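> As annotated in TrEMBL:
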type	residues	note
DOMAIN	32-423	domain 'Amino acid transporter transmembrane'
TRANSMEM	68-90	transmembrane segment
TRANSMEM	127-149	transmembrane segment
TRANSMEM	161-179	transmembrane segment
TRANSMEM	186-205	transmembrane segment
TRANSMEM	220-243	transmembrane segment
TRANSMEM	255-279	transmembrane segment
TRANSMEM	302-325	transmembrane segment
TRANSMEM	345-362	transmembrane segment
TRANSMEM	368-388	transmembrane segment
TRANSMEM	409-433	transmembrane segment
Amino acid sequence: MAAAAAETTVDMAENSSQSNDVKTKLSKLFWHGGSAYDAWFSCASNQVAQVLLTLPYSFSQLGLVSGILLQLFYGLMGSWTAYLITSLYLEYRLRKERQKAEFRNHVIQWFEVLDGLLGKRWRNVGLAFNCTFLLFGSVIQLIACASNIYYINEKLDKRTWTYIFGACCATTVFIPSFHNYRIWSFLGLAMTTYTAWYLTIASFLHGQVEGVKHSGPTKLVLYFTGATNILYTFGGHAVTVEIMHAMWKPEKFKAIYLVATVYVLTLTLPSAAAVYWAFGDLLLSHSNAFALLPKSPFRDMAVVLMLIHQFITFGFACTPLYFVWEKAIGMHKCKSLCKRAAARLPVVVPIWFLAIVFPFFGPINSAVGSLLVSFTVYIIPALAHMFTFKSATARENAVEKPPKFVGRWVGAFTINVFIVVWVFVVGFGFGGWASMTNFIQQIDNFGFFAKCYQCPPPLPPPPQMRNFTVAAPPPLHHHHHH
């Protein structure tokens with residue numbers, strides 16, 4: 001898909017060699033990233049974006065203990081499947097290079113790895129799941145934009161904001177490729193870190209709400225919905241192979257993913273726990289954590305940063321889709337930018353439409369998690385690894401043999417079987433049932449094309465009063481002045 005990406009970078013490299021050195025140094029610093037750090041930034045910033053805001057909601061469904069344990073569990077599981085994807089990628093690359101294939105102008109993608117190692121059928125399944133996942137990933141980014149900006153400016157309802165952001169995000173059709181997003185992933189990570197700590201500190205300063213209840217977990221439906229949202233959080237590596245390809249030493253990638261996950265946990269655990277500690281069961285009806293915190297310059301800052309981050313993530317999720325679409329209609333090799341941009345528009349329009357039909361920020365994350373992420377990120381890589389190394393010869397010639405502490409091949413095989421069974425039963429089975437039930441309930445309550453999902457109903461007193469009652473903490477400290 002991203003073959004065009006590589007070509008444009010090569011052209012750029014040739015042109016820039018003639019230009020002055022300062023410019024090259026600057027562009028090297030910000031633009032041509034391929035080191036281990038870049039991969040780390042990309043992994044970590046792809047992992048958490050809007051999910052950060054829905055995790056407190058998941059905690060209120062799961063309860064504190066389950067919430068923390070499930071995050072650790074899925075974090076480890078995600079790192080293991082990322083390791084599987086790495087070893088399959090290295091295996092594919094080695095086999096191809098033995099056949100004298102050149103990868104200088106071609107970005108290897110996950111479905112090609114499946115194709116090369118396991119054949120057409122696997123490729124088609126992988127491609128179908130991956131594309132659907134990216135499509136809905138983009139939809140979620142759009143919904144998140146509208147859901148967040150509403151907390152800065154309440155004059156327009158969330159649906160109108162979705163129209164506006166859909167138009168803004170449609171501009172991504174003009175960006176040829178994402179080979180050079182070093183500065184973006186760095187900024188993305190900085191923004192997410194700020195937001196996570198803002199949520200933590202603001203919740204502690206706010207203190208617990210009067211009569212706070214922490215009753216979760218109460219209902220099975222909610223429990224599994226929360227669990228699949230966490231599965232979705234750590235399933236951010238549908239883009240793993242492309243990030244790896246953009247590295248100079250892809251074999252280092254295994255450790256990087258684990259480190260990125262550990263860093264992500266230092267963001268998600270304190271923020272989700274703190275918000276849940278402060279607000280308890282109120283979160284069950286507020287899937288966006290911004291909704292409960294009092295309005296302040298810090299909150300506005302966090303909202304703006306998240307918006308920029310979502311715009312970037314929208315680009316991440318959409319670009320591979322553009323490539324697939326261009327290849328499907330034969331426009332991929334086309335040189336003119338405008339023609340390609342026009343050809344890409346049919347991809348943006350359905351995303352925009354879906355975001356307006358289902359504005360359920362929170363429940364939609366869980367639905368995507370159980371129906372798509374479970375297969376794309378957990379089940380297919382684990383199965384592919386087992387089938388690729390089925391024969392003894394394949395195991396002997398493998399580039400990347402499973403480490404000793406896992407128990408070599410037997411251990412790896414056991415873990416893979418466990419992952420396939422666990423994710424299929426708990427993630428896809430129970431999780432799918434729960435999140436679809438929850439999703440349908442949202443449709444019954446709010447209807448399709450909901451104008452303003454989970455907005456507080458306007459109260460009769462004048463707006464100054466209303467903001468005061470909704471946002472400000474209880475005015476206890478005023479009594480000292482009298």
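A Cβ is built for glycine as well, from the same backbone N, Cα and C atoms used for every other residue.
The structure displayed is predicted, hence computed values, not measured ones.
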> Is the transmembrane segment (68-90) close to the transmembrane segment (255-279), in the sense of at least 3 CB pairs under 8 angstroms with a sequence gap of 6 or more?
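They do touch: at least three Cβ pairs between the two stretches lie under 8 Å.
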> Does the transmembrane segment (127-149) reach the transmembrane segment (409-433), going by 3 or more CB pairs under 8 Å (6 or more apart in sequence)?
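Taking Cβ pairs at least 6 residues apart, the transmembrane segment (409-433) and the transmembrane segment (127-149) are not in contact, as fewer than 3 fall under 8 Å.
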> State the non-local partners of the transmembrane segment (68-90) in its own chain: residues 6+ outside its ends, Cβ under 8 Å from one of its Cβ atoms.
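Here the qualifying positions are 62, 108, 110, 113, 117, 226-227, 230-231, 233-237, 240-241, 244-245, 250-251, 253-254, 257-258, 261-262, 264-265, 268-269, 272-273, 377-378, 381-382, 384-385, 388, 398-400, 415-416, 419.
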> Hey, which bits of the same chain come close to the transmembrane segment (368-388), Cβ under 8 Å, at least six residues off its ends?
77-78, 81, 84-85, 87-88, 91, 114, 117-118, 122, 125-126, 129-130, 132-133, 136-137, 140, 228-229, 231-232, 235, 237-238, 394, 412-413, 416-417, 419-420, 423-424, 427-428, 431-432, 434-436
